[in-house]
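A.B. asks: Okay, handing you the structure first.
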Amino acid sequence: MATLIHTLADHSDDVNCCAFSSSCLATCSLDKTIRVYSLNNFAELPYSPLKGHTYAVHCCCFSPSGRLLASCSTDGTTMVWDSHDGRMLAVLEQPSSSPVRVCRFSPESTYLVSGAADGSVVLWNMQSLKLYRSGNVKDGSLVACAFSPDGNFFVTGSSCGDLTVWDDKLRCLYNEKAHDLGVTCCDISSQPISDGEHGFRYFQMASCGQDNRIKLWLILFAHFLGVELKCKYTLNGHSAPVLACAFSYDGQMLVSGSVDKCVIIYETNTGNTLHTLSQHTRYVTTCAFAPYSPLLATGSMDKTVNIWQCDLKQPCAGNTVENESKVAVEDWSEDDVSAWLRAQDLADFVGLFKMNNIDGKELLNLTKESLTNELKIESLGLRSKVLQKIEELRMNMSSVTIPDEFLCPITRELMKDPVIAADGYSYEKEAMENWISTKRRSSPMTNLPLPSLMLTPNRTLKMAISRWLETQQK
């Protein structure tokens, strides 16, 4: 279930965007301000609100490390702030001075993208804080943007309904008419999908628009093949234009907000609706999942931001260590360690660890002696609990990761008897037979009707799994 646990009502006008880092939530508004809150208790930070824009602030986003916060405005600028103390670090002026509608950091914080009402898109170099590349979409205002998790490409969405794929040199790779009445938002899941048969990795993207629809796409990006964009399915749960969509960190859920005042949470694999939330009294303009905790934020033209605790069968963030696999524990920042402490029910130690600058490398080196003598944790029980969690973290680091293509999409367990269904995907035989026996004649992966209920043994995949298991036993 999703439980409303807190409401923020500090903005004096419509809330346009909300964004999480591992320790903070940022919100921005037509009231020209950006507000920043601690995830510990949802208290506003001492330096908040951030003031500098002279007109409405349309979008805000954190850099992947959480150290930088960017915001963009009708005033034609994108501002970069230090999220630790609220200092303004740069004012990046859109070359055309057109109102800036969207901004996004690349996964490595190498670049910041800003997109404007005149269709201009700019890549800013984050080291020099200078313009690196600029371009334009074919038609319409640029209103949406999302980076692939590897940083090799990003997608923009325009008010004329196009999705455009760009590489990191701002070369246009692909263009697709996606929503007849205009795109409003797009997001790319941080968890790619592996294609066991061909060895490709597909990226999942969601887009939404004025046509009341959400579309889930599969993007294949390969330098030797170019870009391939396929619509996996369309969701029609909203009765009015959909203004926002976002994936959970593990990619298993998708959330959307609409002019119909509702927030809908979907299961990504099937497109099934998990929850419909209707606490906002005006249009829902923004929604975002927190990266490492089961929190969801939704913002609205009713001037509020609602914070939800998601307690679902498939949790919003799952296990922090598993989902953090993209970043090795020894490379964790202090904020990553803080997020891990919260996930382990050790939030009381966040301040102590931050004060002692405990990052991932320091965390793995902690011992009973250092907890006692350096961090001054006097309670034997608390020391033991912290050490136990650190030991679990070390064990998770050394555990073997099963290739994704060997896991059944239904059970997410290693397949023993894989079969190919009529949708072209492979499943564990028993799981797929159970799926069909419950009179579900649609694909678990695409949610489209299955043209046939025939299941064909996938002997090639079964042999590959057997060979992999043999290598693990040596």
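Note that Cβ sites are derived from N, Cα and C of the backbone, with glycine treated the same way.
Pulled from TrEMBL, these are the listed features:
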REPEAT    50-91  repeat 'WD'
REPEAT    93-134  repeat 'WD'
REPEAT    146-167  repeat 'WD'
REPEAT    235-276  repeat 'WD'
REPEAT    277-309  repeat 'WD'
DOMAIN    332-396  domain 'SAM'
DOMAIN    401-474  domain 'U-box'
A.B. asks: Would you list the DSSP helix, strand and coil counts for the residues of the repeat 'WD' (146-167)?
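C.D. replies: Summed by class, the stretch gives 0 helix, 14 strand, 8 coil.
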A.B. asks: Can you tell me which parts of the same chain pack against the repeat 'WD' (235-276), counting only residues 6+ beyond its ends and a CB-CB cutoff under 8 A?
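C.D. replies: Long-range Cβ neighbours of the repeat 'WD' (235-276): 1-2, 181, 184-191, 204, 206-216, 282-292, 296, 298-300, 310, 312, 314, 316-318, 323, 409, 442, 444-445, 447.
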A.B. asks: Run through the repeat 'WD' (235-276) and tell me, per DSSP, how many residues are helix, strand and coil.
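C.D. replies: Here the numbers are 0 helix, 22 strand, 20 coil.
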A.B. asks: Could you tell me the mean pLDDT over the repeat 'WD' (235-276), as a whole number?
C.D. replies: 93
